[in-house]
């Protein structure tokens, strides 16, 4: 039996040696000595005394207990949960806390020159100023009187907020979760009994149909398990932004960590510059210290239109940013702020607000006119190419062959706002492109931004957004920092993922564009395991995790194993290792991208560290840039002290050259991972395999909002791209079925979720077959189920009831509406029989023959009214399979009624089962049918559908009854014959 785990230190996580008698606040020996040296005498939480913590492995050592008791009785202690103590740089106690690299030059942004935490100095300085203010405000006679009780309470609250956790987990109520789990287990049991009945009771009269249906049902059951069990432990989270401010401060003296924003765009004619500009403006105006925000815009199409629109945006930002911060505007994207249909005067008390808002709206409209003029001018490219204002040709005239370009518009050396205040840095980046090189689309552009930002600003955190996703909540960065900068939470967090929310979607969300079930159900379930998957936008990364380093909890390798490759190391006696240890190390090398872990490098002195950096291993991993390599070792960010500011732009141009990534680990183990059009899934998967965890943050006000394609064809092509990426991952070496087992860092339920993300497109094959079965049964008169016995009826009813109850309980704990759930079910069928099927075949062709099939889309109609794009019909080959299935089932229903009318009343019983099956398919494809028919003079599609069906059925009944034939006609015929005879 293993001994129980020791109580961790509240400051650094090491084994504690003393704890408060009253509140059990624990400290290790090193933190105990530090507090004693600083003169703190009692527990910060309750003012109690400390007592020795018994060793769980060896029992309570009396001598050690007496030593601790006498130690704190003589000098006193005051323990604190501080970020400063967690990040304090102790070179003599590396094992106690994770230390910072001495190569960081300016050191951590959280410590001052003496190494003492800045936030701790701020709290102490605040207390001194408060005491001085009290002394000067009161007379000598009143000084002896105690302060009011209310003031004492406020003082205690401010100090308490600085030490409280910055977030907390809100578990789902047991009254909601326990029945949900019980029904899942019951459904699993019923599913097993159902499959037993289906397999042991074949239908020999329709053996082919029966076999097809059983295979499809088994696959559906497997898919349900992959989707259901990762939702076993859903959780909610809550953040405390006020505590973050109390701990790290606000304004110029804030100790908040810097953040680099990444925005990527390619073609300004498909991604309107005005939308990208609104995203940039919302970033520049976020509620965060301006000197700690940098925005990098990647123009992967090297378009002069993007460059000029960004220059106009930088100029308009000088007016827009101070206006937003002065009046606390939400959202801070002007296009969406001015289009809000709300009372914009609510909570506004400044008398000049209306006048300034009116002037700002006029300025924005003038800015829009300038942007629209640039777009109109760019519609036709001159034969000689674009010319810049100074008369020189635009370097990016050939988007496939141009040099790297970087332009800093705003920041330390740029213009200030109209109030004279500093603005966040805004940088335009267009990486070099040359024929013959692989550029890896969006993933390659993001990796170029990682290197450029590391050279210029090197913020420890990166937040990436698509060009059409603007900041809807100005405090979104602070929300992320509540997790990243909390020492009790953020040590092993690689990224914080925000849900995607969208504007401009029709009220009924016909094609499930909002993905409510995925973002509000599945992602909450993953947050209770190892964290949500990375969805490509609205995600705040820890930069060191992108470099391939392992989390702090990863056990450090022995020093000898780190430097055994070095030719300058002295040869040592070879230590024999077992085959199991060799296999374990080889699996570990597969997970660890970089040769070294940061904590291992910190164990070396300056000479050893500089020697390691100069070796080929770092250059093979990160590329030939000493400035960038040095920045990767700076755990808390900052530009290296050895870097020359005058040459930083030149170095930044170097790291975005098209040949920089050759023979390196970029895209393989470092940065955004290549090999799939859905690079987001791969990137997050690699991080989780290394042992990192992620966090799902859902603020009350959505952090970011974007736009989504709302017409049928564009929506299906978007789903096709996602499904194709999953198929590519399935056939790659990073497939979750066989990758990442070394080290056991990826939890099994997390692995199930990743397996589900790469196998779901293959569900299209059994789904198409299953949707065709009702029509075939109606046309042939056969059925896939034999005559039901009493036991079989119970299993069928039990399965249907368990499906319904599971869905109801899921809606109950998640809080989503039944309409959102039904739309998700409908589009699961629509996408499965269309986009997913094409993705499977395209992925197989790409793997076998290297063929890349493109689907062309042609617009057929347009509409300028609200949600007009919803009614746009664009023909594409993706629409063929679901159209065929829909027509086949409609014909089958009519044929089934016709056969029942001709066969008599005994055939009506089996008919209802077949028709119910066919109507299940038709109702799931109803939004697709509605999209095919367009607006059709605003006649509801459901009316047309039921009109056709009912007209067909009544026509058959009319023919069968034949009311115009008289009942005496046979008699007249007989009489006639009699007369003749």
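Note that Cβ sites are derived from N, Cα and C of the backbone, with glycine treated the same way.
The feature region 'Disordered' is assigned by TrEMBL to 57-109 (among others).
Under the heading region 'Disordered', TrEMBL lists 129-150 (among others).
Annotated transmembrane segment per TrEMBL: 178-197 (among others), in sequence order. Away from its own ends, the transmembrane segment (178-197) comes close to residues 214, 217-218, 221, 224-225, 228-229, 232, 791-792, 795-796, 798-799, 802-803, 805-806, 809-810, 812-813 of its chain (Cβ-Cβ under 8 Å, at least six residues beyond either end).
As annotated by TrEMBL, transmembrane segment applies to 203-226 (among others). Among residues of the same chain six or more beyond the transmembrane segment (203-226), those with a C-beta under 8 A of the stretch's C-beta atoms are 188, 191, 195, 752-753, 755-756, 759-760, 763, 766-767, 769-770, 773, 776-777, 780, 782-786.
If you look up TrEMBL, you'll see 264, 270, 271, 300, 441 marked as UDP-alpha-D-glucose binding site. With a cut-off of 8 Å between CB atoms and residues at least 6 apart in sequence, the same chain places 297, 298, 300, 442, 445, 446, 449, 464, 466, 467 near residue 264 (UDP-alpha-D-glucose binding site), listed in sequence order.
As annotated by TrEMBL, active site applies to 300 (among others). Using a 10 Å Cβ-Cβ cutoff, residue 300 (UDP-alpha-D-glucose binding site) registers 22 neighbours.
Here the Cβ of residue 442 (Mn(2+) binding site) has 19 other Cβ atoms within 10 Å, regardless of which shown protein chain they belong to. Residues annotated as Mn(2+) binding site in TrEMBL: 442, 466.
Counting Cβ atoms from all protein chains shown, residue 680 (active site) has 24 others lying within 10 Å of its own Cβ. Sequence annotations record features per position, and here TrEMBL assigns active site to 680 (among others).
What TrEMBL lists as transmembrane segment is 759-779 (among others).
Here the transmembrane segment (791-809) has long-range neighbours at 176, 179-180, 183-184, 186-187, 190-191, 193-194, 197, 201, 228, 821, meaning same-chain residues at least 6 beyond its ends whose C-beta is under 8 angstroms from one of its own. What TrEMBL records for 791-809 (among others) is transmembrane segment.
For 829-849 (among others), the entry in TrEMBL reads transmembrane segment.
Marked as transmembrane segment by TrEMBL: 870-891 (among others).
Annotation comment: TrEMBL describes 911-929 (among others) as transmembrane segment.
Under the heading transmembrane segment, TrEMBL lists 941-961 (among others).
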If you tally other C-beta atoms within 10 angstroms for each of the binding-site residues 271, 466, the top scorer is 466
Other C-beta atoms within 10 angstroms of the C-beta of residue 441 (UDP-alpha-D-glucose binding site) total 14
Expressed in Å to no decimal places, the gap between the Cα atoms of residue 441 (UDP-alpha-D-glucose binding site) and residue 680 (active site) is 13
Between the C-alpha atoms of residue 270 (UDP-alpha-D-glucose binding site) and residue 680 (active site), the distance in angstrom, to the nearest integer, is 22
Near UDP-alpha-D-glucose: residues not in 264, 270, 271, 300, 441 with Cβ within 8 Å of the site Cβ centroid are 265, 266, 267, 301, 442, 445, 467
So residue 270 (UDP-alpha-D-glucose binding site), by the Cβ count within 10 Å over all chains shown, scores 8
The rounded CA-CA distance in Å from residue 680 (active site) to residue 271 (UDP-alpha-D-glucose binding site) is 20
